[in-house]
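What TrEMBL says about this one:
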- CYS520: active site, phosphocysteine intermediate (ACT_SITE)
- ASN458, ILE459, CYS520, SER521, ASP522, GLY523, TRP524, ASP525, ARG526: substrate binding site (BINDING)
- 54-65: compositional bias 'Basic and acidic residues' (COMPBIAS)
- 93-104: compositional bias 'Polar residues' (COMPBIAS)
- 720-740: compositional bias 'Low complexity' (COMPBIAS)
- 308-683: domain 'Myotubularin phosphatase' (DOMAIN)
- 46-104: region 'Disordered' (REGION)
- 719-748: region 'Disordered' (REGION)
Amino acid sequence: MKIALFIRGAEATGSCDDVRLGRGRARSIRGHGILAVTSSAALCSRTPSLQTRTAEDRGSGEMEKQTSSGSESSGAPPIPRKPRSLGAAPVSRQESGDSLDSPTGSHVEWCKQLIAATISSQISGCAPPEVVNRECKIGWKVDHRDSSEELGYQCDSDSELPPHAVVFKDAQRVITLDEVPLVPGETIKTTAKDVMYICPFTGAVTGTLTVTDYKLYFISLERDPPFVLDVNLGAISRLETISVQSHGENTRGMEIVCKDMRSPRFAYKTEEQCKLEIVETLTKYAFPLSNDLPLFAFQYKEEYPVDGWKVYDPVAEYKRQGLPNESWTISKINSSYEVCDTYPALLVIPTSIKDDELKRVASFRAKHRIPVLSWIHPETQATIVRCSQPLVGPSDRRCKEDERYLQTIMDANAQSHKLTIFDARQSSVADTSKAKDGGYESENFYTHVELNFLDIPNIHVMRESLRKMKEVVYPTIDELRWHSAIDSTHWLEYIRLLLAGAVRIADKVESSKSSVVVHCSDGWDRTAQLTSLAMLMLDSYYRTLRGFQVLLEKEWISFGHKFASRVGYGDENHANSERSPLFVQFIDCVWQMMRQFPSAFEFNELLLITILDHLYSCLFGTFLYSSEQERMEKEVQSKTVSLWSYINSQPEDFTNPFYVDYENHVLYPLASLRHLELWVGYYVRWNPRMRPQVPVHQNLKELLFLRAELQKKVEELQREASSSRSISSSSEHASSPSHSGTPLHTTV
């Protein structure tokens, strides 16, 4: 009998539900659950119409079947794939004593007792001593997860520090309280004492303000423990001079409006020159590109044991997908970025298309962003292809090469005789674009094509929505109008539209076996959101820690999302209309999927928050610039550090302890406002009154440690069982009578 350890959810409430699955794949687990133990014999005895669960699970309520919104039920649930086995155990072993270290009865019961004790300790808020006492030291440590430096175990309950940054393990060194912790390559530019931080939650506090070329750092020793606040300069959107009332001699001040949903305010005496130097220095280093200075990423000198720049190899990724094949080839036609300067050097295009035809197609597409393959179904050969809008114009121009190109894409998939085009825009916007020389594919000219508009608003609408969201969540929250205020921002409605569009794309590829073409206007904003979300639903590899990094490198970074314009790092022109939180929206959608499928992702929420923090920080080179060509010209890989170097050097911090490795597992998240929530852990993390009472990140790390310990014990049992069977077999063979010429076969 084998013992399988199911870790199925982050909370002890909720249900385990079915969702629709494609081609007989393993069931998706939705909702929240608890640790459960089951045997492989029990799993094998289930019929397709029954849910896989233990006897203990049955008492927690019946499981409900879920179908994706806007699609039909798939009928009887498919046969679930057997979960990963953590090892085999002998049937029984008698020991003396009643403790968990010396259990009585079978090892199955012993494991159940051990896991029950684990669950009890987590519910009660305490962990086993070996977890709590694991070399935790008190001291200062630079932590890049939120780019803040905090005192381990020392945190003011109302300070603006994120909840996951309270406890650090194995602090590298302890420094004095008046010393500013610096990262390699960081230098202090100016310091001012007797500066007042106007905390919106606990009132004003006086301390020392330091500006480096990487961060603003404020510390006050008036409180016990000391109050610490720091802000990455890259996260600053603008600086505003303000008048301060009711703060004695501190009559002038500044408000630092940040891109990460906070706006700290400081007050100082007007006549003191050093306070004015703070403002000037802060302006200079917060917006280095506007002041002819390099971004800090080119000064950061940290060395990591893992090279994050090697995470993404396009040839290896396409090979993983089974490319090239007879229909698709990996072309080097854009190796010098002459065909399209915002596309990567390597492109997957139809094998039969000639170079001169491809160039004519490029001239008919906005920004020369031709249709290229992003993902191919491993069984049906249905593909996800991305591009920009066709330049049809008000006169309905045609391009025979473009029409033939899309026909070739459809012909490469023998499973379907129709090509589906998903235009991310609203149809009215597409019509307006047509009047300005843009447009969309006409079904009159593109035969066997089905055109769908997904009605997702443009970048300006999204920017305004997030601005309204910030007004709702910072600094004060209106308790009586919380839900209506969130609703008025329409942020969750736009998240719903993105998820709904991605579900339609994934369902068309998976269920209808149809190839799809996805575009918006230029093919680098909403297109990237939709293709990456659809691929995340279809391909379980992208839901692993490394696979998610590959997905971001491929769909967002290499295919030319305009990070420089959308984020606006180093640029003091905060009113630039090109800025928009599209990548933040995408990460929010990923978080919504993680909520609905807590065991389907190998990474945790901390990874998502860390990625967004360093989207702004300019500490790493990963998200710098807007195209592969620009990064090559700026020598980003040789002169900066990759964010993945940091993350992959300590993967345990970003690992989901409830992850279950199901391959070929398609997710269909419910794109309904009833199933979407505001991501409080990111948008409202600076408000201490909105934080969870228990630090979730620390609990997850403890669960990972406990899971590893349980797995070791199960593996020990497996070895003991194997040894026991070997001894038993030898004993029976030695005691059996010999039969000349007839071998005796013994089965245990």
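Cβ from N, Cα, C; glycine included.
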Check: Including all protein chains shown, what's the count of other C-beta atoms within 10 A of the C-beta of TRP524 (substrate binding site)?
Finding: 25
Next item on the list: Within the same chain, and leaving aside ASN458, ILE459, CYS520, SER521, ASP522, GLY523, TRP524, ASP525, ARG526, name every residue whose CB is within 8 angstroms of the centroid of the CB atoms belonging to the recorded substrate site, in sequence order.
Entry: ALA424, THR527
Next item on the list: Give me the Cα-Cα distance between ASN458 (substrate binding site) and CYS520 (active site, phosphocysteine intermediate), rounded to a whole Å.
Entry: 9
Note to self: What whole-number Å value do you get for the CA-CA distance of ARG526 (substrate binding site) and CYS520 (active site, phosphocysteine intermediate)?
What the structure shows: 6
Next item on the list: Looking at substrate and its recorded binding residues ASN458, ILE459, CYS520, SER521, ASP522, GLY523, TRP524, ASP525, ARG526, figure out the farthest C-alpha pair and report it in angstrom, whole number.
Entry: 13
Next item on the list: Any same-chain residues 6+ apart from ASP522 (substrate binding site) with CB under 8 Å of its CB? Would you list them in sequence order, or say none?
Entry: ALA366, LYS367, ARG369, SER388, GLN389
Next item on the list: Look up ARG526 (substrate binding site) in the DSSP assignment and report helix, strand or coil.
Entry: helix
Checklist line | Local Cβ density at ARG526 (substrate binding site) - other Cβ atoms counted within 10 Å | finding: 29
Margin query: Using a 10 Å radius around each Cβ and all protein chains in view, which of these recorded positions has the most neighbours: ASN458, CYS520?
Written below: CYS520
